[in-house]
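J.: Pulled these from Swiss-Prot:
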type     : residues      : note
DISULFID : Cys28-Cys315  : disulfide bond
DISULFID : Cys85-Cys96   : disulfide bond
DISULFID : Cys110-Cys129 : disulfide bond
DISULFID : Cys143-Cys146 : disulfide bond
DISULFID : Cys205-Cys217 : disulfide bond
DISULFID : Cys230-Cys253 : disulfide bond
DOMAIN   : 21-130        : domain 'Cystatin fetuin-A-type 1'
DOMAIN   : 141-254       : domain 'Cystatin fetuin-A-type 2'
CARBOHYD : Asn95         : N-linked glycosylation site
CARBOHYD : Asn204        : N-linked glycosylation site
CARBOHYD : Asn282        : N-linked glycosylation site
SIGNAL   : 1-19          : signal peptide
Amino acid sequence: MNSLVALVLLGQIIGSTVSFQLGPNMDCNTKGTKDWADIGVHYINEHKLHGYKQALNVIKIFRLLPSDGRSVIFHFNLNLLETECHVLDSTPVENCTVRPQHNHAVEMDCNVRIIHDITTFEDEVFVKCSSTPGSVENILRDCPKCPILLSPNDPHVVDSVEYVLNKHNEKLSGHIYEVLEISRGQHKYEPEAYYLEFVIVEINCTAQEAHDDYHQCHPYTAGEDHIAFCRSTVFRSHASLEKPKDEKFESDCVILDVKEGHAHSHLIEHHVGKYSTSPGYNSTDECVVECPVAFVNKEVPTDISDHNTPPVKGCPGRVLHFQL
């Protein structure tokens with residue numbers, strides 16, 4: 001499965017408390033370079049509409065571009081890896097586990113341009129990314145029994161998620177949930193099963209109202225205990241053409257602490273009312289936003305006058321996790 005997703009983001013990060021200092025030559029391994037690259041990674045994670053947060057893996061290319069004398073322009077080509085934290089999870093990406101390679105990891109290559117105004121400390125950030133899962137052949141060669149990634153809208157994945165959700169709703173007296181997003185589906189053998197990851201949201205309906213086509217149910221979009229991230233396994237055959245009825249399953253759901261005003265609260269609005277599957281690796285998202293960035297002490301290179309702007313030496317940088 002070698003399809004691609006294009007994630008196109010355009011925005012402005014404003015940091016009134018950002019400070020900078022003139023520093024020595026920077027390459028793809030210096031702390032100053034990584035500080036600037038982290039601005040791009042932070043921006044991607046704050047505005048990604050689907051799926052999972054991304055962690056920096058390799059700074060592949062770093063260029064200093066021409067400027068008008070008032071700004072410093074950085075261009076990066078970054079290799080990122082998918083973590084196990086959903087974008088609605090408030091856990092800082094630094095504390096998120098990178099998805100292991102044998103669990104069909106996904107990488108993202110991003111072109112990031114940061115235009116830093118040295119008088120106002122404003123950063124304009126331009127990002128374009130493409131995402132690719134690891135090779136099925138390589139995974140099966142190294143781990144024949146490991147689960148293989150499927151499209152989130154695969155019929156077996158969708159049916160299995162709905163089956164688990166119905167089982168949850170049967171047990172939760174007074175609380176009814178619906179699927180907010182199917183973010184991951186995998187198939188494995190020995191024993192044959194479907195591994196699922198999805199987000200659910202509580203709705204303001206009874207069980208009877210939820211099954212009434214004429215009754216409009218509305219999800220709670222903020223507050224305590226209304227949104228949860230679930231990891232489930234449904235043991236069923238890929239050859240089965242019927243929807244699951246009494247299959248054995250395992251499931252664990254964790255409440256997400258998503259509050260009104262949280263950086264991702266607007267993403268809930270994006271999903272609500274649109275039974276959603278993560279777009280996987282073949283869609284485009286755009287946004288124009290402003291958000292504050294925390295205090296960062298960043299180095300600014302002294303030489304930014306080269307109009308041909310070749311990549312700096314010392315690139316690509318170190319691999320922080322692994323290469324797909």
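Backbone N, Cα and C define each Cβ position, glycine as well.
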J.: Out of these disulfide-bonded residues, Cys129, Cys217, which one has the fewest other C-beta atoms within 10 Å of its own C-beta?
T.: Cys217
J.: Considering only the disulfide-bonded residues Cys129, Cys143, Cys146, which residue has the minimal Cα-Cα separation from Cys217 (disulfide bond)?
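T.: Given the candidates Cys129, Cys143, Cys146, the nearest one is Cys129.
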J.: Considering only the disulfide-bonded residues Cys129, Cys146, Cys230, which residue has the minimal Cα-Cα separation from Cys96 (disulfide bond)?
T.: Cys230
J.: On the 0 to 100 pLDDT scale, where does the domain 'Cystatin fetuin-A-type 2' (141-254) sit on average?
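T.: Looking only at the domain 'Cystatin fetuin-A-type 2' (141-254), pLDDT averages out to 88.
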J.: Taking only the recorded positions Cys28, Cys85, Asn95, Asn204, which one has a CA atom nearest to the CA atom of Cys230 (disulfide bond)?
T.: Cys85
J.: DSSP on Cys110 (disulfide bond), three-state: which is it?
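T.: The three-state answer is strand.
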J.: Of Cys143, Cys253, Cys315, which is closest to Cys205 (disulfide bond) if I measure between C-alpha atoms? They're all disulfide-bonded residues.
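T.: The answer is Cys253.
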J.: Round to the nearest Å and give the CA-to-CA distance linking Cys129 (disulfide bond) with Cys143 (disulfide bond).
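T.: For Cys129 (disulfide bond) versus Cys143 (disulfide bond), the Cα atoms are 29 Å apart.
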J.: By CA-CA distance, flag whichever of Cys85, Asn95, Cys315 among the recorded positions is nearest to Cys146 (disulfide bond).
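T.: Closest by Cα: Cys85.
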J.: Which residue among the disulfide-bonded residues Cys28, Cys96, Cys110, Cys146 has the fewest other Cβ atoms within 10 Å of its Cβ, if you could check?
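T.: Across Cys28, Cys96, Cys110, Cys146, these disulfide-bonded residues, the one with fewest Cβ atoms within 10 Å is Cys146.
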